[in-house]
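Visitor: Sharing the feature lines straight out of TrEMBL:
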type	residues	note
BINDING	B:LEU9, B:GLY10, B:LEU11, B:GLY12, B:THR13, B:VAL14, B:GLY15, B:THR16	NADP(+) binding site
BINDING	B:LYS105	NADPH binding site
BINDING	B:GLU190	L-homoserine binding site
ACT_SITE	B:LYS205	active site, proton donor
DOMAIN	B:350-425	domain 'ACT'
2 protein chains.
Amino acid sequence: MKSIKVGLLGLGTVGTGVVRIVEGHQEDLQRKVGCPIEIEQILVKDKRKQRSIPLPTAKLTEDPADIIDNPDIDIVIEVMGGIAQAKELMLQAIARGKHVVTANKDLMAQHGAEILAQAAEKQCDVLYEASVAGGIPILRTLVNGFSSDRITKIMGIVNGTTNYILSKMSQEGASYEEVLREAQQLGYAEADPTSDVEGMDAAYKMAILGTLGFHTHVAMEDVSVKGISQVSKEDILYGQRLGYEIKLLGIAERKNDAISLSVQPTMVKQTHPLASVNGVFNAVYVYGEAVGETMFYGPGAGEMPTATSVVSDLVAIARNIMLGVSGKTSLAPYNEKKLMSDEQVVSKNFLLLHVADRAGVLSQITQVFAKHDVSLESVLQQPNEHNPLAEIIIITHDASRAGMNRVLAELEQLDVVQLIKSVYRVEG
Amino acid sequence: MKSIKVGLLGLGTVGTGVVRIVEGHQEDLQRKVGCPIEIEQILVKDKRKQRSIPLPTAKLTEDPADIIDNPDIDIVIEVMGGIAQAKELMLQAIARGKHVVTANKDLMAQHGAEILAQAAEKQCDVLYEASVAGGIPILRTLVNGFSSDRITKIMGIVNGTTNYILSKMSQEGASYEEVLREAQQLGYAEADPTSDVEGMDAAYKMAILGTLGFHTHVAMEDVSVKGISQVSKEDILYGQRLGYEIKLLGIAERKNDAISLSVQPTMVKQTHPLASVNGVFNAVYVYGEAVGETMFYGPGAGEMPTATSVVSDLVAIARNIMLGVSGKTSLAPYNEKKLMSDEQVVSKNFLLLHVADRAGVLSQITQVFAKHDVSLESVLQQPNEHNPLAEIIIITHDASRAGMNRVLAELEQLDVVQLIKSVYRVEG
């Protein structure tokens, strides 16, 4: 009986999980694929390092060529991370006719088009379910589950670190700095948390989701990004009073043929299913013209959840090999890319202003909104506890990003506006 | 260029949605399949009936043979409902080498094994995503998304009618009878609501989910079923006070190799993601050994959501035709069926008792639990507003179904226990 042979690039957290699942679920996997799946060689940095799983030394190698140039290996799993070497090894593997599974969101978001094009040419499969939202099978849901539908909106809580921080700030009234420090101690945030907290990690994932959901190639520069480091306790508190939770949302939208992608802290109505997704969990909300509202929820990271997605991709590729349809089941983006202008991107907005506490101020401010045709859903004015200024919280009706920018520019010129403390997109 | 030709059995709500999607999304579908998809013939009861969509009369027929015996038709979509005729036509279609998509949960739950066996023999595909949870692509998620994992628990809110009723009772403090009447007026419940409110509809869906999730053939008689008609305002109120919402949950569990399936009103902890699924929405919570907790949320019924699932199945089958792998991608259940005994089925439980309001009563009652080794998580005693009895609410720790039955039998014998008002399984 034939067996499918796998080369594993990397034996960190996810790689270890992959070995556990392939060995622990071998019998089930055989039923599903039709033949055994064997991990043949594993690329590690140091063969002598102590491992949490028992592995024969003969399976470990420090030389990538033992995998890439090994003609017995059918499928390469890339879980080493990083960009340059991972990309080079994947392209070499594909050049030698090997199929690839990767969990590398940075790489797929930035170089996915190139890698997939080379894979198509060589009739190789490349799958990357684990690159977005860990254990949630969201990529195959977009590609297969909703193959009949026209997806018009994808909103994702796709970064566990920031969702943990915002959830804690919301539940405990703690400050961003306090919670970040705690998250770092618990290992939920990295020593250098920039990619997570500034929204880059989420942006990579939204580029991948947008590409698959809208069938058009989304590049990283198409995603406008704002992180959570400016979110304050006050913002969260005022949001809650008005019925909102702040979440770092990736939002991909399509109207007619134009698309828009962004990542930003967003006021999400507490009744919306995304509002109650807390801690390190991820969730992706998908709106399709025909199906309407759906949401997919699960662990966004971690050894075993991420490994589940990697091995499910491995099973899919192994099945394709057994069926003789390798390289024939994927679909390249077929829509031309058109980005929405700032006039076309429309949302509700939340503003917190510090203003002079005297007669006529609210009238001056609301005139600015009226002038630019931005109508208001609710306005709340109250004295500020700490200084002689008043605070005004405004929630607008749907307004274009361009219109809001005109409003903000003009508000900044008003004498009575001391500070535009916060501006958030509103959803739900 | 070849085209894939479809015969549609039935042009009710879902059938109409299928026509809308196939026509409205034709260009996208062609990209995905690689050739046009054409609806060739539609079986209707009355050709002359007025329709909400324009259709050439030549496409309509009142004779099933125009579809079943039409050699041009590759795929038959069964959306006529009912059991006997639908089954007969599906088997005839398969006998003639046609592939089948169906939304018929009753049929697949009761005769799925027979239909799938015949399909395997004739190398035909049979897909039925729309039979469970409308627009949520949960079947392919179990089969493909979690192909690498060992699923140990599936909990579903899979009946929109009962979820609407329970949500309304919870939100408005209304009685079952009041809300049922309102739901019937709104068209959310049928004139004869038995199959929904007594849990049969949910049981069909759980049999299908259990079969695919556990790779073993679950029959309808393996599912223990209890409906919501006995749920009272008081139960909901007391549940809420203790932090629970009552939901009609289908629960499929696996421990070692044994499985258990049930449908019953269940106290779900308010922090559990299923607790906030309200109205006619469905959600399926899946626990996998490796992935952990996941949940899939969306519309459980309706013309367009259900049609989305039907047409996604159509796309999958059409792709298989184009790839030449028809009948080769499905997997028959491969595990022998072992059902858990009542000693093995374990859960927390909620009890509401009416008891005599005198000294020593609580002691007598708690002794019964202790005798049968059922330990208690919390006990709440309070006077009843309407009569001289007291009410005792007990939440147990995990206890076997058999142990609980022994406790209940003995409680019934106690003089001081006037009434065992309610008993609910507790989850979350």
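Glycine residues also receive a Cβ, built from the backbone N, Cα and C atoms like all the rest.
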Visitor: In the domain 'ACT' (B:350-425), how many residues does DSSP put in helix, strand and coil?
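Guide: Its residues fall into 24 helix, 34 strand, 18 coil.
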Visitor: Measuring Cα to Cα, tell me the gap between B:THR13 (NADP(+) binding site) and B:LYS105 (NADPH binding site) in whole angstrom.
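Guide: Cα-Cα, rounded: 16 Å.
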Visitor: Note down the number of other Cβ atoms within 10 Å of the Cβ of B:LEU11 (NADP(+) binding site), including every protein chain shown.
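Guide: Excluding its own Cβ, the number within 10 Å is 24.
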Visitor: I want to verify one value. Collapsing DSSP to three states, which class is B:LEU9 (NADP(+) binding site)?
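Guide: Once the DSSP labels are grouped into three classes, B:LEU9 (NADP(+) binding site) ends up as strand.
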Visitor: I'd like the number of other C-beta atoms within 10 A of the C-beta of B:GLY10 (NADP(+) binding site), please.
Guide: 22
Visitor: Using DSSP reduced to three states, classify the residue listed as 'NADPH binding site' as helix, strand or coil.
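Guide: Its secondary structure by DSSP: helix.
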Visitor: Taking the Cβ of B:VAL14 (NADP(+) binding site) as centre, how many other Cβ atoms lie within 10 Å?
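Guide: Other Cβ atoms within 10 Å of B:VAL14 (NADP(+) binding site): 25.
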Visitor: Tally every other Cβ atom lying within 10 Å of the Cβ atom of B:THR16 (NADP(+) binding site).
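Guide: So the Cβ neighbour count for B:THR16 (NADP(+) binding site) comes to 21.
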Visitor: Radius 10 Å, atoms counted are CB only; among the binding-site residues B:GLY12, B:GLY15, which position scores highest?
Guide: B:GLY15
Visitor: Roughly how many Å separate the Cα of B:GLY15 (NADP(+) binding site) from that of B:LYS105 (NADPH binding site), to the nearest whole number?
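Guide: One finds 15 Å between the Cα atoms of these residues.
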Visitor: I need the least crowded one of these recorded positions (B:LYS105, B:LYS205), counting other C-beta atoms within 10 angstroms of each C-beta.
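Guide: Across B:LYS105, B:LYS205, these recorded positions, the one with fewest Cβ atoms within 10 Å is B:LYS105.
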Visitor: To the nearest whole angstrom, what is the C-alpha distance linking B:VAL14 (NADP(+) binding site) and the residue listed as 'active site, proton donor'?
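Guide: The separation of the Cα atoms works out to 18 Å.
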Visitor: How many other Cβ atoms sit within 10 Å of the Cβ of B:GLU190 (L-homoserine binding site)?
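Guide: Around B:GLU190 (L-homoserine binding site), other Cβ atoms within 10 Å: 13.
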Visitor: Helix, strand or coil at B:GLU190 (L-homoserine binding site), per DSSP?
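Guide: In three-state terms, B:GLU190 (L-homoserine binding site) counts as coil.
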